[in-house]
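Engineer: Got a structure here, written out as structure tokens. Questions coming.
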Amino acid sequence: MDESKRKALENALKAIEKEFGKGAVMRLGEMPKQQVDVIPTGSLALDLALGIGGIPRGRIVEIYGPESGGKTTLALTIIAQAQRRGGVAAFVDAEHALDPLYAQRLGVQVEDLLVSQPDTGEQALEIVELLARSGAVDVIVVDSVAALVPGAEIEGEMGDQHVGLQARLMSQALRKLTAVLAKSNTAAIFINQVREKVGVTYGNPETTPGGRALKFYASVRLDVRKSGQPIKVGNEAVGVKVRVKVVKNKLAPPFREAELEIYFGRGLDPVADLVNVAVAAGVIEKAGSWFSYGELRLGQGKEKAAEALRERPELLEEIRAKVLERSDQVVLAAGEDEGE
């Protein structure tokens, strides 16, 4: 760069810094190199599938899928993980369906959880913005986007047409929220439902409510749905297997999958999850129904193996460390096990 251009650029940078503050513009090579700050999901398998070790802070995350698929359970587990690390969490309950007893069983400290049950979509999103602007909240969950009803629709009559109101509301709110969340380092998790598009013959007929804005602004999108048969002990169903697909990821390669086991009444079992991941990584050997770690037999059946590890925390951490060393062997690309 010649001298005149260099001086002009330096003067422009000084003017910008004076007007907008230090750091408003900087050379990429001078920017501090930082690892992405994350909140663990409570599942090692999902943390590995995300590629960064959890849900990114300062970003928007969308968790969507069919009903009773484990979306709210996953979001509450993330809240529990944030609280366990001394963080503050908020739950915007637009569906008015939060069960405090279930949240407590998942490990959420309900006495410290900030909860709002807003009357309109505008009120819900303003609350999210104000909480994020405070800089004191680590994670905010909105349950759900489909329940963020614009005020005009609530005040109107049944049967009135309100085309595009919710999509415009979301678009306007997310434009403001993106910068606020980045500055406050707050993770915002939007839970969403799925709908069927009418008249779609080819391709995926599913779509999510709230327009396209959330798809664009979300750094991570997780598709959560049941997979296979329920988990049974004898003839009794005790839980469900859930497959989480990372549909979008701006921070690591997307299209990875994780299979979680959600048990009725207690949610994710992190030790059973570790056993699954350790088997996939070759750290724990499975022969028939027996699970072994090196020369040590852990037990017959996953429940017995998990129970043995709960009694030996030092062994649990040793296995976790070995799994993380072999994390590239654990992550399964979408469709890899389906013959695609």
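Cβ coordinates come from backbone N, Cα and C, glycine included.
In case it helps, Swiss-Prot gives these features for our protein:
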type: BINDING; residues: GLY65, PRO66, GLU67, SER68, GLY69, GLY70, LYS71, THR72; note: ATP binding site
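Can you tell me where each of these features sits in this structure?
Structural biologist: Of all Cβ atoms in the protein chains displayed, 14 besides its own lie within 10 Å of the Cβ of PRO66 (ATP binding site).
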Engineer: What residues, ordered by sequence, lie under 8 A Cβ-to-Cβ from LYS71 (ATP binding site) and sit at least six positions away in the same chain?
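Structural biologist: In sequence order, ILE63, TYR64, GLY65, SER144, ILE191, VAL224 meet the Cβ cut-off.
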Engineer: Starting from the Cβ of GLY69 (ATP binding site), draw a 10 Å sphere and report how many other Cβ atoms land inside it.
Structural biologist: 23
Engineer: Can you tell which of SER68, GLY70 has the most other C-beta atoms within 10 Å, given these are the binding-site residues?
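Structural biologist: Answer by Cβ density within 10 Å: GLY70.
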Engineer: For ATP, what surrounds GLY65, PRO66, GLU67, SER68, GLY69, GLY70, LYS71, THR72 with a Cβ no more than 8 Å from their Cβ centroid?
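Structural biologist: Residues close to the ATP site, other than GLY65, PRO66, GLU67, SER68, GLY69, GLY70, LYS71, THR72: VAL224, ARG225, LYS226.
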Engineer: Within its own chain, what residues at least 6 apart in sequence put their Cβ under 8 Å from the Cβ of GLU67 (ATP binding site), listed in sequence order?
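Structural biologist: Listed in sequence order: GLN193.
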Engineer: Around GLY65 (ATP binding site), how many other CB atoms lie within 10 A of its CB?
Structural biologist: 24
